[in-house]
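Novice: The structure follows.
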Amino acid sequence: MMGAEKPPALGFAEADELELSSPAGSPAPPPRKMHSLDFEHIGSLAAVAESLSPGSRWGRALTSVRVVIFQARINVLLPFGPLAIMLHYLSGKHQGWVFLFSLIGITPLAERLGYATEQLACYTGPTVGGLLNATFGNATEMIISIYALKNGMIRVVQQSLLGSILSNMLLVLGCAFFAGGLVHSDRDQVFNKASAVVNSGLLLMAVLGLMFPAVLHFTHSEAQYGKSEVALSRFSSCIMLVAYASYLFFQLKSHRSVYSPIGDEEEAIEDEEDEKEITQWEAICWLFILTIWISVLSGYLVDAIQGASDSLNLPVAFISVILLPIVGNAAEHASAIMFAMKNKLDITLGVAIGSSTQISMFVIPFCVVIGWMMGQEMDLNFQLFETATLFITVLVVAFMLQEGTSNYFKGLMLILCYLIVGASFFVHVDPDANEN
């Protein structure tokens, strides 16, 4: 009929469906419609996949967690931290185990804190990077020291910081020289002698600052007994902080060429600095998280020192000088050996000797100033035994570095010297132990 409406034209897909599914002469079934729910379900899965992609916010967060937490093998020690806290509250009698578990739990946190600092330094200039290394590079020692100062444990602060210097200069540098010398046994390894001499001079200046309060105390030549050495220590600490700030300016700004690596190491350092695995804000967030977690464990660690000394039958001086620095120097120890084996001794010296310089010229004076603000009489009188040990150690290391070369024998001598120092503190009785 002329007025009849024509059926709607079928698309190619619908026509093919009718031809395949409809037998001859039978009425064609209505065309199958795609449900909108399928498209919604597929869209939601795509949105989830897009949110977890490496370029998205959640994807970056997961990548950052994988790189910082799961990539380092040393992080298998992380559960020891919560175990120490649980053991502290479940049983107050096992302070030795609480101390050991806290010590082990802080070790990977200190290593990851150093990693986050290095990643953040990749996004800043050398000046800011140097300041970051000065603060966060020894953040573990500073946090433990502040907690000990808060509890009035001044001798623990002094001995732990002294132990960090001795550990970096003898054990860390000795192991690095020994490992690098074995890998490159056919020749002596070479490093920048000029920067080593400057660091040795700063370490001798630190010994000078520690020696005069001790001499003033033991010669009984104070103008006001008990007050003159504290006043002298605070004045010397301010001078040492000014000297360290001047050293940073000298190293990073005015005389950068003096600290330039030897040979082709400069290109290797640039390649190392360009390896950015996490973003700038991720590095800042990880610094914040790791610092808080180290602060929490440091409180349990400091509280358990005396109990650990009694239960483990170890002198507090041995625990403070030998055991505690192992935590703060975990990152330095591993990286110094790795760079020495790669024949990058300038970086090794920057890690080991540079860290000793930071502690002696920055962390120790900083703790004196912080103790001043807390009302604690923290001073630079480290007693004659500790001051003499530091003085001899600085002299030994200065003689080892004066030629600008290293080998496995020099490393072995430094390690053996550290064993002698450790044995000395094992049989050493702190003269202030009975007074405190």
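Note that Cβ sites are derived from N, Cα and C of the backbone, with glycine treated the same way.
Predicted, not measured: the structure shown is a model, and the values here were computed from it.
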Novice: Quick one: which of 65-88, 161-184 does TrEMBL have down as transmembrane segment?
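Specialist: Based on what TrEMBL states, transmembrane segment spans 161-184.
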Novice: Would the transmembrane segment (347-374) count as touching the transmembrane segment (196-219), i.e. at least 3 C-beta pairs under 8 angstroms with sequence separation of 6+?
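Specialist: Yes, the transmembrane segment (196-219) contacts the transmembrane segment (347-374).
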Novice: For the transmembrane segment (380-401), could you work out the same-chain residues 6 or more beyond its ends whose Cβ comes under 8 Å from its Cβ atoms?
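Specialist: Distant Cβ neighbours of the transmembrane segment (380-401) are 158-159, 162, 165-166, 169-170, 173, 193, 196-197, 200, 203-204, 206-207, 209-214, 216-218, 229, 232-233, 236-237, 321, 349, 353, 364, 368, 410, 413-414, 417, 421, 424, 428, 430-432.
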Novice: With Cβ distances under 8 Å as the criterion, find the stretch in 161-184, 347-374, 408-429 that has the most pairs with the transmembrane segment (231-250).
Specialist: 347-374
Novice: Same chain, outside the transmembrane segment (161-184) by at least 6, Cβ under 8 Å from its Cβ: which residues?
Specialist: 138, 141, 145, 203, 320-322, 324-326, 328-329, 332-333, 336-337, 339-341, 343, 345, 348-349, 351-353, 355-356, 359-360, 363-364, 367, 382, 386, 389-390, 393-394, 396-397, 406-415, 417-418, 421
Novice: For the domain 'Sodium/calcium exchanger membrane region' (284-421), give the DSSP counts of helix residues, strand residues and coil residues.
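Specialist: Within the domain 'Sodium/calcium exchanger membrane region' (284-421) the tally stands at 116 helix, 2 strand, 20 coil.
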